[in-house]
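Notes follow the structure.
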Amino acid sequence: MPKARKQPRPVGNSPYSRPNTAAKEATSKAVNNVFCMNTDLGQHILKNPGVAQAIVDKAGLKQSDVVLEVGPGTGNLTVKILDQARKVIAVEMDPRMAAELTKRVQGTPEQNRLEILLGDVIKTELPYFDVCISNTPYQISSPLVFKLLTLSPAPRTCVLMFQREFAMRVVARPGDALYCRLSVNAQMWAKCTHIMKVGKNNFKPPPQVESSVIRIEPKNPRPPISYDEWDGLLRVVFVRKNKTIAAGFKSRAVMELVERNYRTWCAANNVKLEGDDSEADAIGTGEEVEMEVDEDGMGAVKKLKIKAGRRSRSRVGEKVKGLVETVLAETELREKRAGKCDEADFLKLLYAFNQQGIHFS
C-alpha cells in the first residue's frame, strides 16, 4: 500500500502556520526598546507608590500651587502631584517619556493641568512656580541646586531626590567629612533638611547607589549679598578644603585673578594705581593658567582657565599681596581650614576683602 504523502506545512499568514520565532523575538525587542530606560540620562523610574506619595506629602502642597517637576519619566510622581496642586509644569529631556506621560493623562480631567516642557532644565528658561519636586537625574544634581538657589522670585520650597552622598553634602555641617562648597552655598541661601532615605530597589532599573530626599527652603528675604561674589570667594577657599585658607591664596592662578579684579575695581572707582605695570606686564596678557575647583564636593574637579601674565613683582602686585595678608590676619582666619569654617566666618572674610577693594566676581 503506497505511503501517504506528507502535506507541506502552511506558510505565510495562514492561521495554521507555526509562529516565526525569530520575527516574534525581533518584534518583542523593538517594543521593549521603546521603553528601555536610558541610564545615561539618569532614568531610574520610582516604582514604589508609597515613596512617591511620601515625597509629595512632604512638599506641603496647596491647591493653588504651581509645581515644577524635573524629570517626570512615566508620571508616577506627576499624577500624585496633580491630585494636590493646581498645575504641574514637567520638564522632560526624553521625547519618549514625554509622550508616555501625555498618554497617561490623556482624556482625564488632569490633562489640562499638565504642561510638558521638552528640553534640558538647566538650559530652559523656567516660568513661575511655587514648589519644585524632582526625582533628579543624578548627573544634573549640582547644576539644578545652584539654578534653584539663584531663581528670582525663589520657590517656596523644593523637595528633591538625589544620590545619597550628594544629598548628605548639601546638609553637611562644618567639620563633617562631606562638608564642602556645595554645603556652604546651599545653606547660605536656604534652609536644608534631610527628609528620608530611599533604597535602590524602589527604582526601575535600580541605580548602583542609594538615594535620599532633602527639602530646600529658600530664605525670604534673600541675604543681601551678591551670589557671584559669595560663590567666587568659596571657589578660592575650597580649592583644597583641608588646607589652610592662607594656602589657597598662595596659588599663582588665584593671586593673578585677585590682582586682575583689584585693577578692575580701581579703574571703576577712579583709584590711581601707584607704580602701575607696563602693558607688557599687565595681568591677562600672558599664558593661560589653570585653577582647579571641585564644583560640588563629589570629586569632579573642574579646571578653570584664566589669562595670567608673569608673576607680578610690581608695586600693584605687592600691594595686593599685602592686602590679602592684612585681611587674613585681621579676621584671624589665616590658619583656619575651610572645612572647619561656618557661614559667619566666610561672611566676615568676604566683608573684609571688599573693604580693601578686593572682589571675587
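Positions of Cβ are set from backbone N, Cα and C atoms, glycine also.
Small disclaimer: the values here were computed from a predicted structure and weren't measured.
Feature annotations, reproduced from TrEMBL:
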BINDING   HIS44, LEU46, GLY71, GLU92, ASP120, ASN135  S-adenosyl-L-methionine binding site
DOMAIN    51-220  domain 'Ribosomal RNA adenine methylase transferase N-terminal'
REGION    1-24  region 'Disordered'
Counting other CB atoms within 10 Å of each candidate's CB, the least crowded of the binding-site residues GLU92, ASP120 is ASP120
Record lists HIS44, LEU46, GLY71, GLU92, ASP120, ASN135 as binding S-adenosyl-L-methionine; longest Cα-Cα distance in Å?
20
I'd like the Cβ neighbour count for ASN135 (S-adenosyl-L-methionine binding site), meaning other Cβ atoms within 10 Å of its Cβ, all protein chains included.
26
Find, for the listed binding-site residues HIS44, LEU46, GLY71, the residue with the lowest Cβ contact count at a 10 Å cut-off, counting only other Cβ atoms.
LEU46
